[in-house]
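A.B. asks: Here it is, the structure, as structure tokens.
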Amino acid sequence: MVCGGFACSRNALCALNVVYMLVGFLLIGVAAWGKGLGVVSSIHIIGGVIAVGVFLLLIAVAGLVGAANHHQVLLFFYMIILGLVFIFQFGISCSCLAINRNTQADVINASWSVLSNSTRHELERSFDCCGLFNLTTLRLQDDTSCSAVCKTKSSTCQMCGERFLKHSDKALKILGGVGLFFSFTEILGVWLAMRFRNQKDPRANPSAFL
């Protein structure tokens, strides 16, 4: 039997919104992990992904309520807002995947230059590295004042910039891939909501149907 009835459409829409909730939690978790590194915190894209995740959670709750109650007005705004979320999330995901290592290095350089000495030392100890890149003007000063564990074991330590790039590149690829894949499911959500909204609830009074 083809899934085209009222109950089947409602269940499909509810299931899709549960998936949206899981995606929202996933986006927030992965973005928070990348932001928690302390290096990519200045990349506004990660903050944007967190905002998309939170907003997606709210939209999923609205979709669940609208699907459960067959609420015409709520489903209408659900379709409109979900379409806007698709546009925003698609753009953010493409931006995550489009950022190359040179751009990431520029952002890391700019962020490093405005960090306080205590924050730099904390990052150096956390990542067990010294300095940022050889091209930075603060390289010699960072190397001299470095308090990482590797400094006590060897005269040379790996530069923090390389480690930062490795982690930030991984975080951006995960964010971009997950966001891009699930942004297309939002189009499916709009279609399901539109179809379900125009279906007649067999439990309702026929004269009350729009």
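Each position is counted from 1, following the chain as shown.
Glycine is treated like the rest: Cβ placed from N, Cα and C.
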A.B. asks: Under Swiss-Prot's topological domain names, is GLY5 on the same membrane side as ASN69?
C.D. replies: yes
A.B. asks: Look up ASN109 (N-linked glycosylation site) in the DSSP assignment and reduce it to helix, strand or coil.
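C.D. replies: Helix, per DSSP.
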A.B. asks: State which of the following glycosylation sites has the fewest other Cβ atoms within 10 Å around its Cβ: ASN109, ASN117.
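C.D. replies: Minimum Cβ neighbour count within 10 Å, taken over the glycosylation sites ASN109, ASN117, occurs at ASN117.
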A.B. asks: Could you measure between ASN117 (N-linked glycosylation site) and ASN109 (N-linked glycosylation site) for me? Cα positions, answer in whole angstrom.
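C.D. replies: Their Cα atoms are separated by 15 Å.
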A.B. asks: What counts of helix, strand and coil residues does DSSP assign across the topological domain 'Extracellular' (94-173)?
C.D. replies: 56 helix, 0 strand, 24 coil
